[in-house]
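Inspection log for the structure reproduced underneath, given as structure tokens.
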Amino acid sequence: MNTQILILAISAFLCVRADKICLGHHAVSNGTKVDTLTEKGIEVVNATETVEQKNIPKICSKGKQTIDLGQCGLLGTTIGPPQCDQFLEFSANLIIERREGDDICYPGKFDNEETLRQILRKSGGIKKENMGFTYTGVRTNGETSACRRSRSSFYAEMKWLLSNTDNGVFPQMTKSYKNTKREPALIIWGIHHSGSTAEQTRLYGSGNKLITVWSSKYQQSFAPNPGPRPQINGQSGRIDFYWLMLDPNDTVTFSFNGAFIAPDRASFLRGKSLGIQSDAQLDNNCEGECYHIGGTIISNLPFQNINSRAIGKCPRYVKQKSLMLATGMKNVPENSTHKQLTHHMRKKRGLFGAIAGFIENGWEGLIDGWYGYRHQNAQGEGTAADYKSTQSAINQITGKLNRLIEKTNQQFELIDNEFNEIEKQIGNVINWTRDSIIEVWSYNAEFLVAVENQHTIDLTDSEMNKLYEKVRRQLRENAEEDGNGCFEIFHQCDNDCMASIRNNTYDHKKYRKEAIQNRIQIDAVKLSSGYKDIILWFSFGASCFLFLAIAMVLAFICIKNGNMRCTICI
């Protein structure tokens with residue numbers, strides 16, 4: 001009779017526990033590893049690369065007003081050596097300088113060359129205006145074999161002023177130019193350093209030569225330094241070029257008595273442009289906004305590992321070749337044994353496995369959403385995604401890449417290492433600063449991605465917990481948590497009942513009476529099982545005590561009757 005009652009109780013217990021609903025999240029067999037603030041190599045369901053490594057080995061110029069300077073150097077467009085004759089005036093928003101380009105024909109250099117190059121790269125092109133200088137008592141047609149066109153010539157935008165006759169007196173002269181335009185004027189002039197004192201006397205007459213230039217913001221005097229130098233282009237002399245930006249309504253004045261290379265036209269900047277030094281081929285079939293010496297970077301990513309000196313609208317250069325940004329939840333691949341041996345897994349882990357946090361295992365079959373339910377009842381088993389929690393997580397994660405780009409995007413300009421001897425210290429400082437910035441941004445990039453990854457994983461876990469709490473609040477005392485993300489329901493719950501739990505329309509009062517009755521039956525079985533264990537342990541303890549007591553009594557009787565003797569030796 002007792003056996004029959006126990007069997008009935010166990011049958012009721014098993015029947016009640018047959019209905020179950022579990023919460024789970026999407027998983028894949030092979031996820032992507034990302035780093036967070038607290039841990040490296042966490043596997044997530046989805047992730048995207050944030051560091052661009054693909055380079056287009058061409059200058060993509062589609063949609064750009066591009067000028068390829070070829071053999072002409074950018075600074076040469078302002079003074080006009082023969083190789084720059086076609087570029088004395090131009091308009092462009094992309095300026096390409098080639099390695100073969102040269103700024104000068106007669107040997108010499110530009111003062112503060114790199115700053116002027118930067119100004120011209122951003123200029124959008126240049127236009128010119130005649131300065132209106134006229135000269136009497138001097139020749140204005142100085143020329144040299146170093147600047148050949150069809151014959152010896154000179155810079156197209158400059159006048160080489162000479163004495164009227166060899167060794168003749170060069171008169172003291174003063175010339176002024178007022179900028180009547182609304183934008184600054186670029187004014188360039190030169191100082192000629194003859195190859196010898198005799199040559200200087202022949203060209204400009206005897207005596208010391210002095211050139212003074214001034215405006216409201218500038219004043220400088222120059223004295224030529226004649227003397228032998230190594231020949232370049234057949235010339236032992238040198239011409240050094242100087243420049244200033246003349247504000248609107250300001251006037252520049254030149255006072256000189258020889259060795260002066262006079263400007264003929266002032267240059268005005270047209271607008272804005274990008275300038276790049278590259279020997280890469282132009283391609284009108286592709287578009288780009290970020291350029292470097294090796295070509296074009298076309299990317300929507302926030303970082304790049306291609307060239308630290310790219311210019312334009314570019315991703316930030318970082319030292320890392322890869323920084324993965326999590327765009328999905330933490331991945332816990334479904335155990336392969338679960339796929340192959342369902343019955344074994346039911347015995348080992350239950351029907352569904354475990355999920356997020358306390359919910360340890362993911363579901364690879366949950367393809368319609370990030371979160372969902374699996375249930376088991378008399379009608380069978382089923383899986384359904386929860387779209388609301390999925391969308392909530394997606395809405396908060398969407399745009400992470402764009403936010404990273406907003407934090408890092410910047411227009412970059414090219415600062416080269418083409419420094420003269422005087423500027424080398426400045427060049428070293430610029431290079432050191434650039435290297436330091438790269439170090440800082442490499443660290444910042446890693447930190448930013450790690451912060452976003454931490455937020456994504458915490459966020460997706462939070463949505464999972466919200467969903468779990470929603471189900472728990474609905475079921476109340478009608479179900480019991482098993483600690484693995486599942487609820488064992490104490491009443492018959494068909495597919496409509498399961499759907500009401502998922503839809504948040506479950507009425508716990510409707511099933512309360514049945515659930516309480518089944519819970520009492522289950523608790524009774526658990527209670528009987530508990531008493532049985534206590535009795536077992538009590539019986540075992542009592543038996544041991546009784547055995548020891550009998551053994552001690554027998555030993556005492558034997559010793560008393562002389563049948564047993566105890567000898568103690570010291």
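Keep in mind that glycine also has a Cβ here, set from the backbone N, Cα and C atoms.
As written in Swiss-Prot, here are the features:
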- 1-18: signal peptide (SIGNAL)
- 19-533: topological domain 'Extracellular' (TOPO_DOM)
- N30: N-linked glycosylation site (CARBOHYD)
- N46: N-linked glycosylation site (CARBOHYD)
- C60-C286: disulfide bond (DISULFID)
- C72-C84: disulfide bond (DISULFID)
- C105-C147: disulfide bond (DISULFID)
- N249: N-linked glycosylation site (CARBOHYD)
- C290-C314: disulfide bond (DISULFID)
- N335: N-linked glycosylation site (CARBOHYD)
- N431: N-linked glycosylation site (CARBOHYD)
- C493-C497: disulfide bond (DISULFID)
- N503: N-linked glycosylation site (CARBOHYD)
- 534-554: transmembrane segment (TRANSMEM)
- 555-570: topological domain 'Cytoplasmic' (TOPO_DOM)
- C566: S-palmitoyl cysteine (LIPID)
- C569: S-palmitoyl cysteine (LIPID)
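Note: C286 (disulfide bond) has non-local neighbours I56, K58, C60, K62, T296, I298, i.e. same-chain residues 6+ apart with C-beta under 8 A of its own C-beta. Counted within 10 Å of its Cβ, the other Cβ atoms near C314 (disulfide bond) come to 24, all protein chains included.
Averaged across the topological domain 'Cytoplasmic' (555-570), the predicted model reaches a pLDDT of 65. In terms of C-alpha distance, the listed recorded positions N30, C290, C314, C497, N503 place C290 closest to C105 (disulfide bond). Comparing C290 (disulfide bond) with C72 (disulfide bond), their Cα atoms are 23 Å apart once rounded.
When other Cβ atoms within 10 Å of the Cβ of N46 (N-linked glycosylation site) are tallied across all protein chains shown, the result is 18.
Secondary structure at N503 (N-linked glycosylation site), as computed by DSSP, is coil. In sequence order, N377, Y506, Y511 constitute the residues six or more apart from C497 (disulfide bond) in its chain with CB-CB distances below 8 Å.
Neighbours of C72 (disulfide bond), defined as other CB atoms within 10 A of its CB across all chains, total 25. For C84 (disulfide bond), the nearest of the recorded positions by C-alpha distance turns out to be C147; the candidates were N30, N46, C147, C493, N503. Counting only the Cα atoms, the space from C493 (disulfide bond) to N503 (N-linked glycosylation site) is about 14 angstrom.
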